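Undergrad: OK, TrEMBL features for this one:
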| type | residues | note |
| --- | --- | --- |
| BINDING | 67, 130 | substrate binding site |
| BINDING | 130, 157 | Mg(2+) binding site |
| DOMAIN | 6-225 | domain 'HpcH/HpaI aldolase/citrate lyase' |
Ligand SMILES: CC(C)(COP(=O)(O)OP(=O)(O)OC[C@H]1O[C@@H](n2cnc3c(N)ncnc32)[C@H](O)[C@@H]1OP(=O)(O)O)[C@@H](O)C(=O)NCCC(=O)NCCSC(=O)C[C@@](O)(CC(=O)O)C(=O)O
Ligand SMILES: [Mg+2]
């Protein structure tokens with residue numbers, strides 16, 4: 001079954017306490033961060049900490065990613081080499097701006113997999129798009145490698161690159177968000193929305209999360225455990241949604257037996273796209289364990 005990626009929680013890779021506790025909060029995914037949350041002085045020790053954590057802590061209830069440093073920095077290649085050897089299977093590549101950025105990582109992973117005797121392609125990539133150039137190239141990035149499992153949006157860096165202030169209403173992000181969702185959908189991979197930095201503003205966070213869901217994102221990057229519940233509430237179908245979806249599927253199955261492809265249910269047309277949406281809701285509900 002397709003994995004749920006409603007929450008991707010950043011955990012600074014210099015904080016052993018947070019690294020140990022992160023799975024207890026049950027985010028769908030954990031991202032150990034070696035990039036912006038780690039100072040230059042700590043880059044090597046943080047990488048070693050992640051390697052140790054991957055080898056010794058059971059993260060099996062969460063999907064684990066590492067946000068490595070970009071490959072154009074002195075740390076990126078070493079991050080990937082050391083951590084794949086320690087068991088990492090998902091790389092979140094920051095500041096992805098072109099298809100070449102992904103292709104370079106793909107080639108490095110191919111080389112490392114060969115050296116370690118791993119199956120070719122076992123390590124997957126999530127490309128983090130967080131610049132104007134990255135947004136413009138989103139379609140090419142999303143299809144640059146068969147390893148791609150998603151693309152994410154990073155609004156903090158993005159607003160910096162376009163010279164805008166980040167607002168809570170998010171008008172300055174609308175086009176970029178939609179472009180990322182479209183690129184991911186066309187490539188058949190997940191789109192993950194950006195972080196919301198004001199940990200204490202639950203109402204603002206919920207609004208932004210609801211908007212991300214409406215736009216078509218599969219989930220949201222987060223920075224604090226208290227944001228998990230809100231995202232899971234928003235991205236998990238409600239009981240009413242699930243009941244309606246099950247009724248739609250049952251109604252269309254009965255109709256098909258009578259040779260009908262389109263019917264009406266409670267005064268609303270039910271045809272193939274409506275059924276496909278209902279099936280998606282059931283899949284999400286099953287993934288979330290509520291069916
Ligand atoms: C903000 C704060 C310091 C607050 O900490 P505080 O300790 O004051 O919080 P408290 O409320 O006291 O925590 C209560 C209990 O929860 C534990 N706890 C808290 N947070 C936890 C956590 N994340 N994981 C596990 N455990 C956690 C804590 O250890 C404590 O446990 P305990 O002591 O046992 O009670 C902390 O959350 C934190 O560091 N967050 C991650 C920050 C980060 O990684 N930023 C970089 C990624 S974004 C970026 O780069 C932008 C981007 O690139 C994005 C893109 O591209 O997508 C772009 O451009 O947009
Ligand atoms: Mg960033």
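In case you wondered, yes, glycine gets a Cβ from its N, Cα and C as well.
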Undergrad: Which whole-number value in Å describes the distance between the Cα atoms of residue 157 (Mg(2+) binding site) and residue 130 (substrate binding site)?
TA: 5
Undergrad: Those binding-site residues, 67, 130, 157: which ones have a Cβ sitting under 6 Å from ligand 1?
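TA: Those binding-site residues that pass the cut-off, since their Cβ is under 6 Å from ligand 1, are 130, 157.
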Undergrad: Name the secondary structure element type, per DSSP in three states, that contains residue 130 (substrate binding site).
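TA: In three-state terms, residue 130 (substrate binding site) counts as coil.
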Undergrad: Which is it, of 130, 157: the one of these binding-site residues whose Cβ has the most other Cβ atoms within 10 Å?
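TA: By the 10 Å Cβ neighbour count, 130 comes out on top.
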Undergrad: Check each residue in the chain of residue 67 (substrate binding site) that is at least six apart in sequence and keep those whose C-beta is under 8 Å from its C-beta; list them in sequence order.
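TA: Residue 67 (substrate binding site) has long-range Cβ partners 10, 31, 32, 33, 34, 35, 92, 93, 94, 128.
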